[in-house]
Amino acid sequence: MASTHNEFYALMLVVVVGSMVASCGANFNQDFDLTWGDHRAKIFNGGQLLSLSLDKVSGSGFQSKKEYLFGRIDMQLKLVAGNSAGTVTAYYLSSQGPTHDEIDFEFLGNVSGDPYILHTNVFTKGQGNREQQFYLWFDPTRNFHTYSIIWKPQHIIFLVDNIPIRVFKNAETIGVPFPKNQPMRIYSSLWNADDWATRGGLVKTDWSKAPFTAYYRNFKATEFSTSSSNSFSDAAWQSNELDAYGRRRLRWAQKYFMIYNYCNDLKRFPQAFPLSAALRNTMYILCVSR
């Protein structure tokens, strides 16, 4: 009996250890290149942890070795703690060139005790101006949190800790470009933007607090095959759609934490709203600006 128990516990230990290894995510050494900032960008802990730093001389950044065309991208970040005013931590997908596509998370720093602003945007054919901004319901500097992008031909979903905060729907049928033809790399950078980032540039970077450092871990990329996009039996392609619970969480995030929505900015886009209003429903908010 003792031997049986020992074998059981040994098996359970193997399962637990295996699960822990599986949950570590991809290896930054294998999947990313440190592209600028010299020693300010670092990969350590056997490739499981990456950090970017900013000082008065330079910021830093990295990019994926691989390009992606549709998929789900997950990354855990722990943002610059303390007085981060003037700093921006950008984490995004982008193609290259003057007609590039881009899907953005940008975290705008603030003075100690004030919340970060999470800035989101979508560029198609070089055109952006589709910003939505949010406060977060937690302190993003104390622990790691997961920021995800689901990119499909039908829509783009932004998620925080698996809670959808924004959906950008494909509206090509009414002439709105949608990013679906240009493969994109994953980029991230930490840089000084005190000319606009914090309260429109009113609060400047306090360099006595430098270096400013953000941390990354548990990167995961799940690619979706375009060849199976019309197959309702393809679980990978059909997964991560917004069910009723997801739609409720989306409404919750937008009701209580959205602080700016370009769809409602009449000063910037006075001609956009009749068309946009016709496309709104309980599941998606889409704004078309010409």
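From the backbone N, Cα and C atoms, a Cβ is placed for every residue, glycine too.
Long-range C-beta contacts of E102 (active site, nucleophile), restricted to its own chain and to partners at least six residues apart, with a cutoff below 8 Å, comprise Y92, L93, S94, S95, N121, V122, F123, G128, P179, M184. Annotation source TrEMBL lists active site, nucleophile at E102 (among others).
According to TrEMBL, the active site, nucleophile annotation covers E106 (among others). A sphere of 10 angstroms centred on the C-beta of E106 (active site, nucleophile) encloses 19 other C-beta atoms.
Feature annotation from TrEMBL assigns active site, proton donor to E106.
Annotated domain 'GH16' per TrEMBL: 22-216, in sequence order.
Other C-beta atoms found within 10 angstroms of the C-beta of N110 (N-linked glycosylation site) number 19, with every protein chain shown included. The annotation N-linked glycosylation site is assigned in TrEMBL to N110.
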